[in-house]
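Feature annotations, courtesy of Swiss-Prot:
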{"type": "SIGNAL", "residues": "1-22", "note": "signal peptide"}
{"type": "DOMAIN", "residues": "27-303", "note": "domain 'EndoU'"}
{"type": "CARBOHYD", "residues": "Asn53", "note": "N-linked glycosylation site"}
{"type": "CARBOHYD", "residues": "Asn121", "note": "N-linked glycosylation site"}
{"type": "ACT_SITE", "residues": "His181", "note": "active site"}
{"type": "ACT_SITE", "residues": "His197", "note": "active site"}
{"type": "ACT_SITE", "residues": "Lys242", "note": "active site"}
Amino acid sequence: MASGYDFGWIPVLLSLFTLTDASSQTVNQELSNIFNELWKLDVNRMEPLTNYNISLQGKAGYIPQGSTNVVDHASSPLFVNVDEAKLSSITTYARFMKLLDNYERSTGVAERVTAEEVTENNSFLDAILETAVMKRAHQYLIGKGKSRSDLRQFKSQLYYMWFRLYHRERNGGEDSSGFEHVFVGETKFGREIMGLHNWVQFYLQEKQNLLDYKGYKARANDVPDADDHVLNVQFSWHGLVKPVASAFVGVSPEFEMAVFTILFLTSTEKTTTAVVNLDEYQLEMVVHRHGRCIGTAYPKLLSSNNRHM
């Protein structure tokens, strides 16, 4: 889970951010509509209390970016359990998980992509393009004039956006990609966590004792529930601390790829933000571009349990 806000992961929302008053936000109704369509089509979403269980424990305190002096308000992991057999049985998750060990964690260290890794990237895209979620996203983007109807061209567009390597640091070789940053996570100069906004990666890193959940982040009267699909959290990873991260929890990789791709392609701004009402949540969706590639993408949780209604 992790930049600005930055953490790609479990259908939970994790990321660095400032909590703002949801009532002051202007909702993008068009994006809300298409994202809710995709939400309903996401048959591969894991169900809380059935396919996974989380333990929220205590509310995390304030810690400045770059500091490692953190008080742990969670003595146990965030994820109590996840039905890994179910995850592995779903093609998009299975192929997604194969990509998580393909990257160098530190920025400034050039990535070397093998032929096998290129094949894995393509296999993952092939899998998500077969889902109803990505088919609807593709249809929407065609209607907006942002993507070609030819499936091969759309796949090439996705590959460039998400997997093309670029320089995140000026020194060294091509050291990053949108997929690595958002879904896998990176560290910068050994001082801060960037990206890592995905719940599956969060769970797997926690399981390996590489990531330590420190507690949830929320406004005074907006305490999260164990069945929430978006969370703000604090955690440490390889000895570094992410003060606030936001991420989806339980959602499928195709859902995250779809919503962030739509937000990216329907705007030309360096940083695009859009407030959307999604299911029972109000979110600020954020995408930062690195040329024609994804720089980062994450959701900020503004309110849950329909408190914004």
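The backbone N, Cα and C atoms fix where each Cβ goes, and this holds for glycine too.
Looking only at the active-site residues His181, His197, Lys242, the densest Cβ neighbourhood within 10 Å occurs at His197. Its own atom aside, the Cβ of Asn121 (N-linked glycosylation site) has 21 Cβ atoms within 10 angstroms in the protein chains shown. The CA atom of His197 (active site) is located 8 Å away from the CA atom of His181 (active site).
The CA atom of His181 (active site) is located 15 Å away from the CA atom of Asn121 (N-linked glycosylation site). Asn53 (N-linked glycosylation site): 15 other CB atoms within 10 A of its CB, across all protein chains. The two recorded residues Asn121 (N-linked glycosylation site) and Asn53 (N-linked glycosylation site) have their Cα atoms spaced 29 Å from each other. The average pLDDT computed over the domain 'EndoU' (27-303) stands at 91.
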